[in-house]
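Q: Pasting a structure below so you can have a look.
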């Protein structure tokens, strides 16, 4: 009996550890947020449809998650030796040695291929195309570019802005001005948000040779001004959806109010140039994009 209990306990431990490792490999929280954004945009584009296509919607969620997980897996494969230098990432499954390169490679390939096939055959080919573009640009352009140039942030913002585009074309099966504006809102927002994160993790990033803040001087007023500028720019960009009559006044109010509210922590960062201010910029930015996405959907109901 004791041996049986011990074996069961060991099996449970192995399963729990493996689940935790795969959750880390796919960056579970990030992948879930990507899927959430795509789902919101799908529902937004699904306006006027009397019967919800649950099969397509669920396929988008599953396929989108697999493609995102694959991109994150390839990202960690390429950065496994650099992750050892950063306290934030050194316990990931690859740098810690808990997962082999072969296992991570196979898992990433299987997720990527499966996700693209699901998007292509269960959703539509246009969604699959954007999924492929997102995966390849994130894993094989943005990831290696992080070690070379600060322009990596601009390049990374492209696949980072793909989720609302994926969600829209999954539902509507076409690309045009409206999904382009959804992409633009997400694209511009990322600079404020990511630079705030880069400010918080600057020392850790520098250990691995990543210099991701916009200014060569790092966490200084120059970088803070860039963050302030991107916070300002995201307000008129978000208002374009209203200007072109894709959303109503409730979204407009939310976009302006949340945008102006987000300027204060950015202004404080310019004043103080410290981590607490950068953290407030990051948190405010996350709340900003969540609120305007939800209001965008509510305004269409």
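Keep in mind that glycine also has a Cβ here, set from the backbone N, Cα and C atoms.
Got these off TrEMBL a minute ago, pasting:
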TRANSMEM  28-45  transmembrane segment
TRANSMEM  57-78  transmembrane segment
TRANSMEM  99-119  transmembrane segment
TRANSMEM  125-144  transmembrane segment
TRANSMEM  151-169  transmembrane segment
TRANSMEM  181-201  transmembrane segment
TRANSMEM  222-243  transmembrane segment
TRANSMEM  249-269  transmembrane segment
TRANSMEM  281-298  transmembrane segment
Q: If we skip the immediate neighbours and take only residues 6+ beyond the ends of the transmembrane segment (249-269), which ones have a Cβ under 8 Å from one of its Cβ atoms?
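A: Sequence-remote neighbours of the transmembrane segment (249-269) are 192, 196, 199, 224, 227-228, 231-232, 234-235, 238-239, 241-242, 277-278, 280-281, 284-285, 287-288, 291-292, 295-296, 298-299.
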Q: Looking at 28-45, 99-119, 125-144, 151-169, 281-298, which one has the highest count of Cβ pairs under 8 angstroms to the transmembrane segment (57-78)?
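A: Of the candidates 28-45, 99-119, 125-144, 151-169, 281-298, 99-119 scores highest.
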Q: Check the transmembrane segment (125-144) against each of 99-119, 151-169, 181-201 and return whichever range has the most CB pairs under 8 Å.
A: 151-169
Q: Could you check whether the transmembrane segment (151-169) packs against the transmembrane segment (28-45) - three or more CB pairs closer than 8 Å, residues at least 6 apart in sequence?
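A: In this chain the transmembrane segment (151-169) contacts the transmembrane segment (28-45) - 3 or more Cβ pairs sit under 8 Å.
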Q: Sequence-remote contacts (6 or more beyond its ends) of the transmembrane segment (281-298), Cβ cut-off under 8 Å?
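A: The answer is 37, 40-41, 43-44, 164, 185-186, 189, 192-193, 196-197, 199-200, 227, 231, 234, 238, 241, 247, 250-251, 254-255, 258-259, 261-262, 265-266, 269.
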Q: Which residues of the chain, 6 or more past the ends of the transmembrane segment (181-201), have a CB below 8 A from one of its CBs?
A: 37, 41, 44, 86, 88, 153, 156-158, 160-165, 168, 212-214, 219, 223, 226-227, 230-231, 233-234, 237-238, 240-241, 244, 246, 262, 266, 269, 275, 278-279, 281-282, 285-286, 288-289, 292
